[in-house]
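Enquirer: Pulled the feature table from Swiss-Prot, pasting it below:
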| type | residues | note |
| --- | --- | --- |
| DOMAIN | 3-181 | domain 'Guanylate kinase-like' |
| BINDING | Ala10, Pro11, Ser12, Gly13, Ala14, Gly15, Lys16, Thr17 | ATP binding site |
Amino acid sequence: MSGSLFIVAAPSGAGKTSLVKALAASMADIRLSISHTTRPPRPGEQDGMDYHFVTEAIFETMEGGGGFLEHAQVFGHRYGTAKESVLPLLAQGMDVILEIDWQGRRQVQAQFPHCVSIFILPPSRETLEHRLRLRGQDTEAVVARRMGDACAEISHYNEFDYLVVNDDFEVAHTDLRAIVQSRRLLRLRQEKRLKSLLGELLE
């Protein structure tokens, strides 16, 4: 039985990472794919837990060998989702979450037309700016650049299947769970899981 592929994207400051981690921790048979990146680890990040931290040479070898479902360059660093991190899980019937941007969604959807894409929105522009300012002692120019990048990401919201507003964390988390559960209840997926029951009922 094949699992479902979920893509979750959001502007920086929308709370995407916390939401997808909570989703993966609260539901059975769903995993969060861990991306490869060439950027150095930030304080508190662990290799193999937050990202697979690799050199440019390793990344290029993987890319050249067709090892990525999607890859992109962001602020001078490279990010990619390895096929080996996703395909075996799907084949086992596990659902997989990809935490990527709109560009990555386009690449993945070209290969998996039936994947489910979700975009996380902040509740307001003011809240988004406030969250971005909380990330560090940045200059006004840096905050303005981050806001510009966030708005550019948001402009692609209409390429996604679902929109979830992260104002109240628990409400947004419940919304994400509902999307996953609705996918699991689709007839085509349930037919496989309930094959013996259906056979018995239709004898």
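A Cβ is built for glycine as well, from the same backbone N, Cα and C atoms used for every other residue.
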Enquirer: Taking the mean position of the Cβ atoms of Ala10, Pro11, Ser12, Gly13, Ala14, Gly15, Lys16, Thr17 as the ATP site, which residues outside that list, in the same chain, have a Cβ no more than 8 Å away, listed in sequence order?
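Expert: What remains near the Cβ centre is Ile120, Pro122, Arg131, Asn166.
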Enquirer: Please list, in sequence order, the residues in the chain of Thr17 (ATP binding site) that are at least six apart in sequence and whose C-beta is under 8 Å away from its C-beta.
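Expert: Residues satisfying the criterion: Glu99.
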Enquirer: Report the same-chain neighbours of Ala10 (ATP binding site): residues 6+ apart in sequence with Cβ closer than 8 Å to its Cβ, ordered by sequence.
Expert: Lys16, Phe119, Ile120, Leu121, Glu153, Asn166
Enquirer: Is Ala14 (ATP binding site) helix, strand or coil when read with DSSP?
Expert: coil
Enquirer: Would you mind giving the whole-number mean pLDDT across the domain 'Guanylate kinase-like' (3-181)?
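Expert: Average per-residue pLDDT within the domain 'Guanylate kinase-like' (3-181): 94.
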Enquirer: Test of understanding: give the count of other CB atoms lying within 10 angstroms of the CB of Gly15 (ATP binding site).
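Expert: Around Gly15 (ATP binding site), other Cβ atoms within 10 Å: 19.
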